[in-house]
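Novice: The structure is given below, and queries will be raised subsequently.
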Amino acid sequence: MVLAGRSNLKVMASNSATQLPSSTSPALKFEVVAAQGRARTARMTLPHFTAETPMFMPVGTQGSVKGMTCDQMLDLDCHVILGNTYHLESRPGSELVSQMGGLHEFIGWPRGMLTDSGGFQMVSLLHLAEITEEGVTFQSPVDGSRMLLTPEESIQIQNRLGADIIMALDDVVPATMQDPARFEEATHRTTRQDPECHPCNAYLCFMNIIGGLDPALREISLRDLVARNTPGYAIGGLAGGESKDDFWRMVAISAAGLPPGKPRYVMGIGYPLDIVVCSALGADMYDSVYPTRTARFGVALVPEGVLKLKNAEFANDFRPIDDTCSCSTCKDYTRAYLHNVIARNIPSAAILVTHHNIAYTQALTRRMRQAIKDQVFPDWVRNYLRKMFPKGDVPVWVREAMVVADIDLEGVATMDVPRTHKEDRGANEDAVFKE
């Protein structure tokens, strides 16, 4: 795949307070408060909370982040959590949630909530689904019943759930599918599923920029959906097994083509390195089950990458997971203890590592926000990469993305690595670990 010239991807953001972009809609106000290169940090005022970006949103598929209470999420300063429309409608049902006062009251969460459209199930549950112009017909994994999810019904369900941000239904196609005609069909169908085309309340709704790995289709999607002037936009159709090289290039093209005064949400992104790269390219919001799901397999996120705490090397390691982390797991427990409870499949192990991993993602984005405000973001990125790749073996895709982000890696990316480096291949983060 050929990427448009780098000069077309480089953008310089003004740091003048009078020129920083913003936008206001009936239920969302977005204000960029600082920018450096492509990276920016912003305030996003929602009905229930004023969030800051870049931010990572933990996923509570059925209204609950596994292994975490809402009070714990507040203690870790999570700004927004995500719920899944398909699963919440399957049970307990949006009507019941609405009767209970919406998701915020139902789960006891006072801050922001985002619900997805159910479109991801087009990929993850494709064997149970039939996709047509009318919508998606699902076979419920709960009771086997058939459920038609139309664009209108997706919005109506999300309105009943009462989220701060809702997503328009899109026609999701796996990024690795080798069918150009299918990608073209999905791109135009997603535009036709614009909430403005349907009699429903859409003032909270984000539209989804798709187009697979085809820059021309991405440009079409950008042109058609930006013209709709919705409160925010998602960059979708990625994190589905495509190469990291394709991944970052599609994020760069999409972010560069979106309005500077509106939020940009890269869906399904939870690897910390991906969050850093996407933020350098101008994205604002991320979500994935990766930090919580990987915790249930005893894998902890650390500045150097990950610790697989089940491994025998940690049996006599009396250090915390991360001595720079202030979470309760790192303050109270050693790697040796966690290895013991993980190896024995004691349920508390997953809770403890989940708590740490959520703390790590929130600290990561908080530090990025501060670095942008302090105008030291390139230095922060270089230090982050030095810690993760102390030998200088920064993957090729990261090096090339940083060129577009105008972040010099001299003295950081010092080792020659082939493009086939193991980190250059992507994966679907929401399906890396199967239970």
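The backbone N, Cα and C atoms fix where each Cβ goes, glycine too.
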Novice: Which range is it, out of 262-266, 292-296, 417-421, that shows up in TrEMBL as region 'RNA binding'?
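Specialist: Region 'RNA binding', as annotated by TrEMBL, spans 292-296.
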Novice: In TrEMBL, one of 177-183, 268-274, 303-309, 408-414 is tagged region 'RNA binding'. Which stretch would that be?
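Specialist: Feature region 'RNA binding' in TrEMBL: residues 268-274.
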Novice: How many helix, strand and coil residues does the region 'RNA binding' (268-274) contain under DSSP?
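Specialist: So the counts come to 3 helix, 0 strand, 4 coil.
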Novice: Below 8 Å Cβ to Cβ and six or more residues apart, same chain only. Which residues does that give for G237 (substrate binding site)?
Specialist: V172, V173, A175, N208, I210, G211, G212, M250
Novice: Cα of C330 (Zn(2+) binding site) to Cα of D287 (active site, nucleophile): how many Å, rounded?
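Specialist: About 24 Å separate the Cα atoms of these two residues.
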Novice: With D116 (active site, proton acceptor) as the reference Cα, tell me which of the recorded positions D287, C325, C327, H356 is the closest one.
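Specialist: Result for D116 (active site, proton acceptor): the nearest of the recorded positions is D287.
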